Amino acid sequence: MAGRRAEDNAVFSQQTGSRSLSDFDPQKKPKRNKYAFGCAILASMTSILLGYDIGVMSGAAIYIQKDLKISDVEIEILLGIINVYSLFGSAAAGRTSDWIGRRYTIVLAGAIFFAGALLMGFSTNYAFLMVGRFVAGIGIGYALMIAPVYTAEVSPASSRGFLTSFPEVFVNVGILLGYVSNYAFSKLPTNLGWRLMLGIGAVPSVFLAVGVLAMPESPRWLVMQGRLGDATRVLNKTSDSKEEALLRLADIKEAAGIPEHCTDDVVQVPKRSKGQDVWKELLLHPTPAVRHILICAVGIHFFQQASGIDAIVLYSPRVFEKAGITNSDHKLLCTVAVGLAKTVFILVATFLLDRIGRRPLLLSSVAGMVFSLGSLGVALTIIDQHHGAKMTWTTALCLTMVIAYAALFSIGLGPITWVYSSEIFPLKLRAQGCSMGVAMNRVVSGVLSMTFISLYKAITMGGAFFLYGGIAAVAWVFFYTMYPETQGRTLEDMEILFGKFHKWREANAMLETKTQVNHGDGNNGTGAVELGTKGLGN
């Protein structure tokens, strides 16, 4: 018996090698990767361009209407048309980023917006202003698509939610800067003030072009070009460990069709079509997993905009005026409060995304939005029934609910839309898939912002917010039913999680079991560290 025990101990010793008890301790949470953090900040700065344009136009529209003597319908078109124009940029961004790389696509976005901002700043009439909106819209379309894609491809899974939410953070920073710009230039003569508000938007794009020089190219794009050596160097810098870098590289090579044994710095990548096969796989002959992913990505972009955020952000001065705040300075200060609330809560969201997951934040955010939209609708309806009579409590309720709605949107639905849609697509479908999501986002945003004034004139402003609240309620049911949790999942692991549609919990349970087994074993049987759902990933 003693001999048998000694033999068992020898076998165990061989299996575990020279590992000590400390090797069996739970895996420590990795520190935030500062290099990936810096890359995400630089890429996400492109989103300031969109945010600034949204924020500044809410106040500038007041002065443009006075100066150029244009109608409410022309104002609606002026504010909303940039979303339609941005579709051209979004449609071209997928192909462009696959052709010249993610990094230079960001430079291109900044350059185009720079030209558009200058054109708007020097506009002499409505037609000239619309040309500037068109050029700026192209740049915004590029920026909207490329920032979340680049950030998702550079980020380690342990902080992917945190880093991929950065584009939405900078949208909110841009909105706040736009609101502050409105207030700062509002004291100038009318014909000069709004032109400075719009023209100063060219400044962030200059800083963007300089900052991009410090960024590496996306490792996934480098692998698609056969540049394994360059990709490995970037992955080593942006991963939490050498093991993770190797696993990320192996997964990307597999997705790109490069054999595992190819380890040269430059390799031949199997020829791929110029995108036709991608569109066929995405739209004509999708697998159940791809169909589910596409529905989720396009659906979350639809509901993000259809729930009325642009009505609040673009037209908040009109909402405040309806609530009884008639002084122009006070209206602009209230918009600054909305922008500040959005920015603070988006920053809170970035720290919560990788701690409590996407689903809890998304569902609680949308539920709060339904409540705040309903309350705002009630307050505005009461004001209408009293024929616009000023009541302090309804004014306070309107202001509180507008700020609450903006904050609740920013802590959940706002950032998660971009995080979720950029992390669920397989590598070869990611650029085109994200382009489709952005296209839906911009179409719905354009429709909403170009119809809000006409809508509230037809069904009252309270009725308009009841409508948005109803859409948000439908969104909550859709998200609860169809959206699996993706926190900590590896990017190339998503096709296992998706494909069951409303029965996704079965696949989730299977992955949880697999993860528990891997953690129980301590490794994956090959000596490589296995990455858990809440630990590291590629």
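Glycine is no exception: its Cβ is also placed from the backbone N, Cα and C atoms.
Database features, via TrEMBL:
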- 1-29: region 'Disordered' (REGION)
- 11-21: compositional bias 'Polar residues' (COMPBIAS)
- 35-63: transmembrane segment (TRANSMEM)
- 39-487: domain 'Major facilitator superfamily (MFS) profile' (DOMAIN)
- 75-92: transmembrane segment (TRANSMEM)
- 104-122: transmembrane segment (TRANSMEM)
- 128-150: transmembrane segment (TRANSMEM)
- 162-180: transmembrane segment (TRANSMEM)
- 192-215: transmembrane segment (TRANSMEM)
- 332-353: transmembrane segment (TRANSMEM)
- 365-383: transmembrane segment (TRANSMEM)
- 395-419: transmembrane segment (TRANSMEM)
- 465-483: transmembrane segment (TRANSMEM)
- 516-538: region 'Disordered' (REGION)
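Remark: the transmembrane segment (75-92) contacts the transmembrane segment (128-150), by the rule of 3 or more CB pairs under 8 A. Ranked by the number of CB pairs under 8 Å to the transmembrane segment (35-63), the listed stretches 104-122, 162-180, 332-353, 365-383, 395-419 are led by 162-180. Long-range contacts of the transmembrane segment (365-383) within the same chain: residues 303, 307-308, 319, 322-324, 389, 391, 394, 397-398, 401-402, 404-405, 408-409, 411-413, 416, 460-466, 468-469, 472-473, 475-476, 479, each at least 6 residues beyond the stretch ends and with a Cβ under 8 Å from a Cβ of the stretch.
Of the two recorded stretches, the transmembrane segment (332-353) lies close to the transmembrane segment (162-180), with three or more CB pairs under 8 Å once pairs fewer than 6 apart in sequence are set aside. Using the rule of three or more Cβ pairs under 8 Å, pairs at least 6 apart in sequence, the transmembrane segment (395-419) is in contact with the transmembrane segment (162-180). Per-residue confidence over the domain 'Major facilitator superfamily (MFS) profile' (39-487) averages 87 (mean pLDDT, predicted model).
Outside the transmembrane segment (128-150), and at least 6 residues removed from its termini, the chain residues within Cβ reach (under 8 Å) are 39, 43-44, 46-47, 49-50, 53, 64, 68, 78, 81-94, 96-97, 102-103, 105-106, 108-122, 164, 166-167, 170, 198, 201, 205, 218, 418-419, 421-422, 430-431, 434-435, 438, 441-442.
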